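A.B. asks: Take a look at this one; I'll ask things after.
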Amino acid sequence: MKESYDYIIIGGGSAGSVLGGRLSEDVSNNVLVLEAGRSDYPWDLLIQMPAALMYPAGNKLYDWIYETTPEPHMDGRKVGHARGKVLGGSSSINGMIYQRGNPMDYEKWAKPEGMESWDYAHCLPYFKRLETTFGSKKGDPYRGHHGPIKLRRGPADNPLFQAFFDAGVEAGYNKTPDVNGFRQEGFGPFDSQVHNGRRVSASRAYLHPAMKRKNLEVQTRAFVTKLNFEGNKVTGVTFKKNGKEHTESAKEVILSGGAINSPQLLQLSGIGDSEHLRSLGIEPRIHLPGVGENFEDHLEVYVQHACKQPVSMQPSLNKLKMPFIGLQWILGRKGAAASNHFEGGGFVRSNDDVDYPNLMFHFLPIAVRYDGTKAPAAHGYQVHVGPMYSNSRGHLKIKSKDPFEKPEFVFNYLSTEEDKREWVEAIKVARNILKQKALDPFNGGEISPGPEVQTDEEIIEWVKRDGETALHPSCSCRMGPASDEMSVVDPETFKVHGMENLRVVDASVMPRTTNGNIHSPVLMMAERASDIIRGKKPLDPQYIDFYRHGVHDKDAGTVK
C-alpha cells in the first residue's frame, strides 16, 4: 500500500473497473480500487462460462443476496435482488446482454435545465469508445470497433429464434438488424458480452489488462466501512480486510458501489436526509434528501410454452448431459456452454400513446427460470417481458450505523395505474406474438401463466405472484443541477452536491432508467466520467439521425 493515492475507487464493479483502467492510463495517477468481494478468478467456471449464468445468483461467494422489504402492491412479497459481490461486480454474474437503451432515453435525460449535455449525441461517442462490435460493419457510424468490450452478435440459429422473429412480423411489428443501431424498435438478434466462448466482464475488459501498471492497485475482500472527512472535504476511506482495519488517504474518492451500496455508504457518512440520519444517531454533514430516493428497477415475468418439436435447449438442463457440455467448453470454449442463449428478442410499443418502445422481449429457446427452475416440459421456449419505463418509484434507507447491516429498500412495483395498465398490455402483446402462425409448428401450448389467467385482474394477480426483478436497480443518487433538491450528483462533474473530493459514478446516478438492460449505459457513464475526472477534452458529440415513431416511415431501417 502507498502512503496516499490520487484516487480511491470504492467498488470494483462495472463502473469501478472502467475508472480503474482509464484513470491509471495516466502514469502520474496512483489509483486504488477496493472491492468487497473476491477476485474473478480465470479458472472460476461459474462466472467465466456464459451458460453458467444462473449459478452465481444466490451464492454468497458471488452475490450480496439482497431482497426488498415486503412490496406493498405485490401482496407483501419480498423480491430477491442478486448483486455482484466479486471483482467485476454484477458484470461478472449478469446475463451478458448488451443494450444501450433507446436514443430517446438520453433525449429525455437532457430535457431538464442543466442536463443538456446528456443527450444522445453526447453519449453516443462514449458508447462507441467502449465497444468492439463484431456483428456490425466497420463503417457503421452507430457502433464502435476498437473498444475493450468485445460484443458477439447472437447467431440466433436455433429455428425457434427465426420463428419468433417471424411471429413478431405477423403480429404487425418489424425486424431490425441492430437494436443498438439506427433502429431499436422491432425484433432481431442481440449483442452479448461474450468473446471466444467466455464472459466479457468489465473487470476482464478494463482492470485486468491494467493491473500490470505500477500505479494501479486492486484490493479484493476489502469492505469499506466509512468515508473520512475534514469538514465537508473527503480525505480518504477506512476499510476492513482479513479482520483488520485499514485507513487510506486520497486526493479524491470515487464511489462506484452500485445503486444499493452507494446510497448506503453516503447515508452512513452523514450524507442524506437529515431527519432520517438523526433518527439513527448519525450527525448529518449535508442535507441531501434525494440520497436513496427515486429508486427504479425493471420487473419481468416469463411467458413459457411447451415445444412440439425436439429443437429447444431444454435437454441441456439434464444433469447427465452437463458434464459433457462442460467438457466441451473447457477443452474448446464451444458448445451449449459457450453462449448466454439470450441471442435475440425485441422492443415494441404496447400502445400508441408512447413515443418509443416501452416493452422489451428476451427470447430463449428453453423454458427455465433465472434460478434454474425448469418448466415441466421435454422441450420448451419462453419470452421475458415487462414494462421498461414504469413510473413506480421506491426508496432505500439504512437501518442503523452498522455498515455491515444491509439497508432496507422497496421499489413499489405495480403501485400506479399506468404501471398496471402496461403490465396487462405486456402480457397481451406477448401472447399475441406467441400465437402467430410462424410458431405453429412448435407451439405445444402455454405453460405459464397458463389458461386460467385471462382477465386483466387475473394478469395483475399473476404478476404479483410471479414477477421477478430484471436486476436493473438504478437512479438512487440521481444526477441533476444543485437547484433540483432531490438530485445528489452534479451532471457535469459527478461530484456530490456540497461535498469536496467525492464523486459517485455508477447506476445510482442515472436520472431515469433506460428501456433495456442497464450495464451498457453504466459503462458509457464511467467512460465519460473518466475524461471529466482527468480533465480531458470530452469527445465531440455525434449528431446523427435515429428512428423515431411518427417521424420516420414505419419501415425505416427494418429487415425485409
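Along the chain as shown, the residues are counted starting at 1.
Quick reminder: no glycine exception, Cβ is built from N, Cα and C everywhere.
Sharing the feature lines straight out of Swiss-Prot:
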- 6-35: FAD binding site (BINDING)
- H472: active site, proton acceptor (ACT_SITE)
A.B. asks: Hey, which of the binding-site residues D6, D26 is the loneliest by Cβ count within 10 Å?
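C.D. replies: Fewest other Cβ atoms within 10 Å, among the binding-site residues D6, D26, is found for D26.
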A.B. asks: So among the binding-site residues S14, N30, who's got the most Cβ atoms within 10 Å?
C.D. replies: S14
A.B. asks: For L34 (FAD binding site), just count the other CB atoms lying within 10 A of its CB, please.
C.D. replies: 26
A.B. asks: Looking only at I10, V18, which of these binding-site residues has the biggest number of Cβ atoms within 10 Å around its Cβ?
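C.D. replies: Within the set of binding-site residues, the most crowded position is V18.
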A.B. asks: How many other Cβ atoms sit within 10 Å of the Cβ of R22 (FAD binding site)?
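C.D. replies: There are 23 such Cβ atoms around R22 (FAD binding site).
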A.B. asks: Round to the nearest Å and give the CA-to-CA distance linking L34 (FAD binding site) with the residue listed as 'active site, proton acceptor'.
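C.D. replies: Rounded to the nearest whole number, the Cα-Cα distance is 23 Å.
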A.B. asks: Cα-Cα, whole number of Å: S14 (FAD binding site) versus H472 (active site, proton acceptor)?
C.D. replies: 13
A.B. asks: For the C-alpha pair, I'd like the distance in angstrom between R22 (FAD binding site) and the residue listed as 'active site, proton acceptor', rounded off.
C.D. replies: 25
A.B. asks: Name, in the order they occur in the sequence, the residues of the same chain whose CB lies under 8 A from the CB of the residue listed as 'active site, proton acceptor' and which sit 6 or more residues away.
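C.D. replies: Once residues fewer than 6 apart are set aside, the residue listed as 'active site, proton acceptor' is near E296, D297, H298, A507, T513, N517, I518.
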